[in-house]
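Annotated in Swiss-Prot:
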- Cys6, Cys9, Cys32, Cys36: Zn(2+) binding site (BINDING)
- 6-36: zinc finger (ZN_FING)
Amino acid sequence: MEWKTCSFCEGTIEPGCGKKYVKKDGSVMHFCSSKCEKNFKLGRVGRKLKWTNTFKRINRGQ
C-alpha cells in the first residue's frame, strides 16, 4: 500500500484512510479530511488558506 497526498492541502494520507472523489470528467481527487473536501466543494483554493501545506510551501520565505 502506498501513501497518498491530499489534493487540497497536500497533507499525507495513510493507507486505508481519507476519501476519494471522482469528478464528472474522470479526474480523481484524494482528501485527507472532511474539512478539505468541504472547502474544495465550496470552490476555495488551497494555496490561499493559511492552514494548508500548499500555502506554507509557497510562502516559506516570507
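Note: Cβ is positioned from N, Cα and C throughout, glycine not excepted.
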>> So, three-state DSSP: helix, strand or coil for Cys36 (Zn(2+) binding site)?
In response: helix
> In the predicted model, what is the mean pLDDT computed over the zinc finger (6-36)?
Replying inline: 96
> Within 10 angstroms of the C-beta of Cys6 (Zn(2+) binding site), what count of other C-beta atoms is obtained when all protein chains are considered?
Replying inline: 23
>> Return the residues near Cys32 (Zn(2+) binding site) by Cβ distance under 8 Å, restricted to its own chain and a separation of at least 6 in sequence.
In response: Cys6, Phe8, Cys9, Gly11, Thr12, Ile13, Cys17, Gly18
>> Among all protein chains shown, how many Cβ atoms are found within 10 Å of the Cβ of Cys9 (Zn(2+) binding site), not counting that one?
In response: 23
>> Excluding near sequence neighbours, so keeping only residues 6 or more apart in the same chain, what lies with its CB under 8 A of Cys36 (Zn(2+) binding site)?
In response: Cys6, Ser7, Phe8, Cys9, Gly11, Gly46
> Around the Zn(2+) site recorded as Cys6, Cys9, Cys32, Cys36, what other same-chain residues have a C-beta within 8 angstroms of the site's C-beta center?
Replying inline: Ser7, Phe8, Glu10, Gly11, Ile13, Gly18, His30, Phe31, Ser33, Lys35, Gly46, Thr52
